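Reading through the structure tokens given below for one structure.
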2 protein chains.
Amino acid sequence: MIDNPFYSHEFHGDYDLISIGELGLEEGGAIPDCQLAVATFGTLNEAKDNAILIPTWYSGTHQIWRDVYIGPDHALNPEKYFIVSVNQIGSGLSTSPHNADEANASIAMSKFPHVTIGDNVVAQERLLREHFGIDRLALVVGGSMGAQQTYEWAVRFPDKVLRAAPIAGTAQNTPGDYLIAEAMREATVSDPGWNGGEYSSNADVLGGLTRQAHIWAVVGFSTEFWKQEVWRALEFDSKEAFLAGFLEPYFTAMDPNDLLTQSWAWQRGDVARHTGGDLAAALGRITAKMFVMPIDEDQLFPVRDCKPEQQLVPGSELRVINDVLGHLGLFGVAPTYMPQIDQHLGELLATEV
Amino acid sequence: MIDNPFYSHEFHGDYDLISIGELGLEEGGAIPDCQLAVATFGTLNEAKDNAILIPTWYSGTHQIWRDVYIGPDHALNPEKYFIVSVNQIGSGLSTSPHNADEANASIAMSKFPHVTIGDNVVAQERLLREHFGIDRLALVVGGSMGAQQTYEWAVRFPDKVLRAAPIAGTAQNTPGDYLIAEAMREATVSDPGWNGGEYSSNADVLGGLTRQAHIWAVVGFSTEFWKQEVWRALEFDSKEAFLAGFLEPYFTAMDPNDLLTQSWAWQRGDVARHTGGDLAAALGRITAKMFVMPIDEDQLFPVRDCKPEQQLVPGSELRVINDVLGHLGLFGVAPTYMPQIDQHLGELLATEV
């Protein structure tokens, strides 16, 4: 167990650690005591029909949703809805390689088992049912890996998901995306400090995490972001200063094993696992009213990868978000980003289902 | 001096090593004895007005031009033209960090000076003038870094370039491109075997070069190349087999210092160095008839980066090449690629200037 101060209430505010017990895993093995870090906003009504679930993305936690997406002036309004953000397994807040306590000692660090998008969704469903008594969700919404989990929810538990909004993510990960995540993985584990996953501090892997940050710089933003020097709006004087002041500290604060647990799941996200590889059959199962929301400048999940999936979801709509930041537009930096998100999510939540 | 069998006549066929003497460099320092590896095809006519120059791209040599682009059934027809392909400094065939002989011992390996696109063009101009007596070029054509050199030729020596065709490259490198090359550099030099550039064999840097190959896999091809599994046409059974059988051996055979000499120049390619940063003024100098030929699926040099430059070149035309391979379409793998190249270059060569 490594003490990494980034994964704490100091940096992430209020959340509860809730055990859902042992979690058997799709790829074999189990998490002996699966603890999920859960942040809630608003109040569950008596009918228990005002719940919204937000699964988290790679490297992200509930924090960005709390700070950017949730509020009385947003579609994700805690005065109307009971919003539950569940940090994914391996997020560093929920059970993760670096924080394995006594109960999970057998899966600490390099011994952590492979966790899938499906495992996360199964864990979330158990949490919502057993801990909150929630059987149906007014909305599942997530970005990137959160979109993967959103699709997984809608396919795996169609009766439980009334509405769904995958933002900047796919139902079936593309090979190009797999290779991007692989290059990030290699950038990290090639650091001699990685030591087969048995480092003593994430600082041992500083070089590898920095290189991963630099690959994110390339694929996470659009080429136009760099060309138009959009980072100037964030008060940086050069692209190097932006890297050093934004992306590098973001990733180097994190735990390498945790990140790799997430990217392993990201690489293999695929709802067609439920239908013997038949993507159309899997997406055809969806009964939720779905808005598919790719970002136009996204290099990781371009519109042309998202649109064919959307067309396989009955009754769904394609709602493209315009943001020159590309995939990392998800951070909500552009002032034009959240108004688009709010408009679409507001419309979706207002749809009778 | 390292003996790397890849950089040999066995792998690259016929070429001549021609010394142009000492070459002073834009960024300071000099190459004491600059030797250029030059492959020629066809015969220079008496008027010396049928010469075509082909500078080379990152990691590439004259070999790919010889095997794919040049021939009696191509626009680059050696029965009509005297075609001179000059391998760039740092290519591994011309003077490069790994092959510094006695005369260049002072700049061997990690001591190799920074070489720019402009230095390469100055060296080529001297070679053509002093060795071949060529003062004017019927055409300069190159891909990627060869396109950078093509632009540099047209801006630096407007009177000497009658026609020019930059394929899949820009006149002014973009920051996005800079960051891509930087991620590749970091993938390489982070290998402990790199040893500050003083390895004893490129094999010492096998891991770093492999990681560089994997970043090329992501940005060098289009996402659609991977999604449509276009590599199946090359007789591979999986994307992993394609990587292991194509991209990895391609890059791991090469010399890391040589590659870095090239990428340093690539990152800083900019014809506006001649005009105090004014790109419009630099491109406005061009008198060559120019066809700007980006590849539609290119992630490194997308059409939207090439088109604004083309619009600054008087009398130029935009000729977009369609190729799902993206940037590495330059290899000429798709059967639809060379017919497009031949059509445009043929038309350009037929243009009276």
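Heads up, the Cβ atoms here are built off N, Cα and C, so glycines get one too.
TrEMBL labels come from automatic prediction, so no person has curated them.
Over in TrEMBL, the protein carries these features:
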- B:60-323: domain 'AB hydrolase-1' (DOMAIN)
- B:Ser144: active site, nucleophile (ACT_SITE)
- B:Asp298: active site (ACT_SITE)
- B:His327: active site (ACT_SITE)
Run through the Cβ atoms and count how many others sit within 10 Å of the one on B:Ser144 (active site, nucleophile).
27
Cβ neighbour count within 10 Å of B:His327 (active site):
25
Integer Cα-Cα distance in angstrom, B:His327 (active site) to B:Asp298 (active site):
4
Do you know offhand how many angstrom separate B:Ser144 (active site, nucleophile) and B:Asp298 (active site) by C-alpha?
10
Give me the count of other Cβ atoms within 10 A of the Cβ belonging to B:Asp298 (active site).
28
Tell me, what is the mean pLDDT of the domain 'AB hydrolase-1' (B:60-323)?
98
